[in-house]
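Participant: Dropping the structure in here first, questions after.
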Amino acid sequence: MKFEDLLLEIGGFGRFQILILFILCLPRINLPMHFLLHNFLAATPSHHCAIPHQEAFVNLTVEEVLLISIPQESDGTFRSCEMFSQPQFQLLLNSSLQPENDSIIQPCQHGWVYDHSQFTSTISTQWDLVCEQRGLNQATATFFFIGVTMGAVIFGYLSDRFGRKAMLLLSLVCSVVFGMLSAASVSYSMLAVTRTLTGVALSGVSLIVLPLGMEWVDIQHRTLTGILTSIFWSVGNMLLAMVAYLVREWHWLLVAVTGPCLLSIVCLWWVPESARWLIANGKVKQAHRHLLRCARMNGRKDFAEDMPLIMYAQRIVLQWEYKKPGESYSYISLFRTPVLRKISLCSGAVWFGVAFSYYGMSMNLTGFGLNMYLSQFVFGIIEIPAKMIMYVLVNRVGRRQSQAWALILTGLCIGANVVIPKPFTSLRSVVAIMGKGFSEAAFTTVFLYTSELYPTVLRQNGMGYTSFVARLGGALAPLVFLLDEVWRSLPEVTYCGVAVCCGSVAFLLPETLNVHLPEGIEDIE
């Protein structure tokens, strides 16, 4: 018998599965609070050069001191990174006559003064990551996603080798440790290292939660499982906006978003190991124990009484003969056979496009004419109806079409905002919110779709590889903002082009709607 048939006997979606999914959704809430934390952790408030010897200007107002010390932009705002080498007192008579001689303008010499009305402190204000150091500020997000990229490879392999639950517990414990160390950072270098390690740890959570839940659920409820766990990501998105609004000091903000991992660690006690994984690795006794527990909780007592271990082993182990004793699989196995190779290359490209465009939009909260806290909250809310619509579409239209068009439409919305003039803030906001909805729809579908494309023996390796490629996209996304120095709209054009191209690649993948989860490589081939 197939494992899917066994699930139907013990209840493929009963009290047992609901309990597991609810517990697994707790760490899912915590993920966006770290993944999108850069928006608030590294926010750069308005600033200008610090002016030395201000006591010499006691007769002047603060505005007049700035006027004679800081050059102005064409729109009348003070420049953030430059100052006059000598006070320009003539500007007190006519401020519109800005000096044309650039030789009297120099970079900031005495540090910066920041506007603390919105943030008590951020890493930008703590270590002056502005002007020439602006790249280091954006690199903080890149370091985190490099950690997530490394973690995808590490935990993808380890969870196929040593089990889903053990690796999920390890990743949660490490997330707490490195998250708290980040909050205690005393230098930029320490923060960069600890945020990278936090990314490694959280990658395990991101990678394991969905497949662990999926492997306990029958075919009919697989889509619901994927959408449900994904909705809790959106809840985390909205919670991040509220937490960041209440906690304006970056050290305590890190503590606030890391603390909930402790609750997830405690609750993980009630989550069993994946029975699929246990059987695939010959641990039939443990699998039998978990399956009996599942049958009892779901009210299938006839199964619990009529299914002794030996009979169960005889019926089920025959289906797993492709997994020979001592045989192990690695990332190389994803590229050994032709169909699996095509799936791996195409799904990798789709994941890159999904993550690249998603984080490109999510880390540009101030570019759409809304308050950044409101933008974060609205971006979280819009994800929920997007996921509801995807729940219908992936079951009606199929995974492949839904995935491809969601990503292509994301790119077109980003591209539309390049041509819509800046004064049309309401229209730009609406298009951006639509784009964010499509982007989240693409992310929701890709998690579900990928977990159905790979066989059980390679599922975590497959998720690890695709997550690795996605995190490369996530790591590059914040750095693309620096291209605005070449051309103002170049970042948006880049996000648009990548999303449309990668979305088109999704048409090359096989459809998985109402198909049994593949168990071995020959099922794929």
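Glycine residues also receive a Cβ, built from the backbone N, Cα and C atoms like all the rest.
In TrEMBL, annotation is done automatically, which means it is predicted and not curated.
Below, the features straight out of TrEMBL:
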- 87-513: domain 'Major facilitator superfamily (MFS) profile' (DOMAIN)
- 139-159: transmembrane segment (TRANSMEM)
- 166-186: transmembrane segment (TRANSMEM)
- 192-212: transmembrane segment (TRANSMEM)
- 224-246: transmembrane segment (TRANSMEM)
- 252-271: transmembrane segment (TRANSMEM)
- 343-361: transmembrane segment (TRANSMEM)
- 373-393: transmembrane segment (TRANSMEM)
Participant: Six or more residues beyond either end and a Cβ under 8 Å away: which residues meet both conditions relative to the transmembrane segment (139-159)?
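Facilitator: Result: 34-35, 38, 41-42, 123, 129, 167-168, 171, 191-192, 195-204, 206-208, 330-331, 359, 363, 460-465, 467-468, 470-472, 474-479.
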Participant: What residues elsewhere in the chain lie close to the transmembrane segment (166-186), defined as a C-beta under 8 angstroms and at least 6 residues from its ends?
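Facilitator: Distant Cβ neighbours of the transmembrane segment (166-186) are 27, 30, 34, 151, 155, 158-159, 194-195, 197-198, 200-205, 208-209, 212, 251-252, 254-255, 257-258, 261-262, 264-265, 268, 271, 273.
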Participant: Is it true that the transmembrane segment (224-246) and the transmembrane segment (343-361) have 3 or more Cβ pairs under 8 Å, skipping pairs fewer than 6 apart in sequence?
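Facilitator: With fewer than 3 qualifying Cβ pairs, these stretches do not touch.
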